[in-house]
Amino acid sequence: MLDLDLIRNDTEKVKKALLKKIDNVDFTELLKLDDERRKLIHEVEVLKNKKNEASKQISNIKSQGGKVDESFFKDIKEISNKISELETSLEPIKGKMDTFLEALPNIPDEDVLPGGKENNKVVHVYGEKPQFEFEPKDHVELSNIHDLIDYKRGTKLSGNGFWIYKGYGAILEWALLNYFIEEHIKDGYEFILPPHILNYECGRTAGQFPKFKDEVFKVGSNGEGEGMQFILPTAETALVNLHRDEILKEDELPKKYFAYTPCYRVEAGSYRASERGMIRGHQFNKIEMFQYTKPEDSDAALEELIGKAEKLVKGLGLHYRLSKLAAADCSASMAKTYDIEVWIPSMNEYKEVSSASNARDYQARRGKIRFRREETKKIEYVNTLNASGLATSRVLPAILEQMQDKDGSIVVPEVLRKWVGKDKL
């Protein structure tokens, strides 16, 4: 959620910044509601002061043994009723303002380019595209040759967009997850296994709700409204809520977490023919990294997360590139995002395996996640950051395709061999 004071005090600057992401925003109605709200709050404060003064007078009269005139009690009752009336009238105003503010995306950082994917910029490329002296196979064919993935039975069990890992497919998948987990533990991140079913407030704090509430798998009969529960689309949705409604100590920051979960996605639209196999599905495994930091530390934290994700891909020996996303290609909650994209030879494309993002204080405002400065005792919002570390459903196809030999065998990345038990499949 954006800072209302910033919108009020520098409306044009906020409008201009948001134009990088969305169409022009008209703040007229919001500012009008804000004026009403502030006037009502002022009236309530004046009446509360009058009530306090009347209560003090009653106490003084009683302490001196005097008799309190009934008019005092009548006045206090009238003031209390008026306060209650004004506070009731504040509720719909606040509701309208919250609805408006919750629909706004985060303000992009100044160094983020406007527009969509067409303005994404490649920062650097790691390694060379693999060159084959034979006709390379795609990951679906290689999976079939080695009996790694059962797409047919996955569809039978759950429908399109699902698959079954089997044999060395399951072993490779588990090896990847173990490799990622081991590296994050070495780096001092705390391991979290969160619930997979979350409440509405989790989606709202993350910035995914209310806009995207129909793009998740809902659970049970409470499918609508704030009583709904849903299956997490990413562990970020859980991790950003760990400290919701909390005030942290300054010396507790930064807090560094990572979580393993399957991710469940209701994808809009149809898949491209080239995105068959594991490239896009309704369920996939992912390790998610997350940090809570002080505002002045979040830029360095983003660099750390990017570096960690890149190190994992480098460790696997995969060719990839790092791209900085333009504003409209960043998710609504994020001020800045970098994507790590691995090369998929059969598609002649790079596909994202990690997004590393800085939400600044956008999610913290929604979830009331704050910290107290040790020196000033001032309470401020934390900054929140996340990065995939990594998503396996793109990594495994990249390994199969980039590491294949002419005979269809697959070279197992060295970092995975202690779990796989083989150098080659």
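Using the three backbone atoms N, Cα and C, a Cβ is placed for every residue, glycine included.
The L-serine binding site annotation in Swiss-Prot covers THR234, ALA235, GLU236, GLU288, SER388. Positions annotated as ATP binding site by Swiss-Prot: ARG265, VAL266, GLU267, GLU352, VAL353, SER354, SER355.
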Next item on the list: Can you check which residues sit near GLU267 (ATP binding site), meaning Cβ under 8 Å from its Cβ, same chain, 6 or more apart in sequence, and list them in order?
Entry: GLY161, ARG280, HIS282
Notebook entry, point to check: Checking the binding-site residues THR234, ALA235, GLU236, GLU288, SER388, which are within 10 Å of ARG265 (ATP binding site) at the Cα level?
Noted result: THR234
Next item on the list: Indicate the candidate from GLU236, GLU288, GLU352 with the smallest number of other Cβ atoms within 10 Å of its Cβ, considering only these binding-site residues.
Entry: GLU352
Margin query: Checking your reading of the structure: which of the binding-site residues THR234, ALA235, GLU236, GLU288, SER388 lie inside a 10 Å Cα sphere centred on VAL353 (ATP binding site)?
Written below: SER388
Notebook entry, point to check: Can you tell which of the binding-site residues (THR234, SER354) has the fewest other C-beta atoms within 10 angstroms of its C-beta?
Noted result: THR234
Checklist line | Assigned conformation of SER355 (ATP binding site) - DSSP reduced to three states | finding: strand
Notebook entry, point to check: If one measures from the C-alpha of GLU236 (L-serine binding site) to the C-alpha of SER355 (ATP binding site), what distance in angstrom results, rounded to a whole number?
Noted result: 11
Next item on the list: Could you round the CA separation between GLU288 (L-serine binding site) and SER354 (ATP binding site) to a whole angstrom and send it over?
Entry: 9
Item checked: ARG265 (ATP binding site), number of other Cβ atoms within 10 Å -> 17
Notebook entry, point to check: Which one is closest to SER354 (ATP binding site) in space, judged by CA to CA distance, out of the binding-site residues THR234, ALA235, SER388?
Noted result: SER388
Item checked: For SER355 (ATP binding site), the one of THR234, ALA235, SER388 that lies nearest, given that the binding-site residues are compared by Cα -> SER388
Check: Which are the residues of the chain, THR234, ALA235, GLU236, GLU288, SER388 excluded, whose CB is within 8 A of where the CB atoms of the L-serine site average out, their centroid?
Finding: THR237, LEU239, ALA259, THR261, CYS263, LYS286, ILE287, MET289, PHE290, ASN386
Next item on the list: Pick the one among the binding-site residues SER355, SER388 whose Cβ has the fewest other Cβ atoms within 10 Å in this structure.
Entry: SER355
Next item on the list: Check each residue in the chain of VAL266 (ATP binding site) that is at least six apart in sequence and keep those whose C-beta is under 8 Å from its C-beta; list them in sequence order.
Entry: GLU215, VAL216, PHE217, HIS282
Next item on the list: Could you round the CA separation between ALA235 (L-serine binding site) and GLU352 (ATP binding site) to a whole angstrom and send it over?
Entry: 17
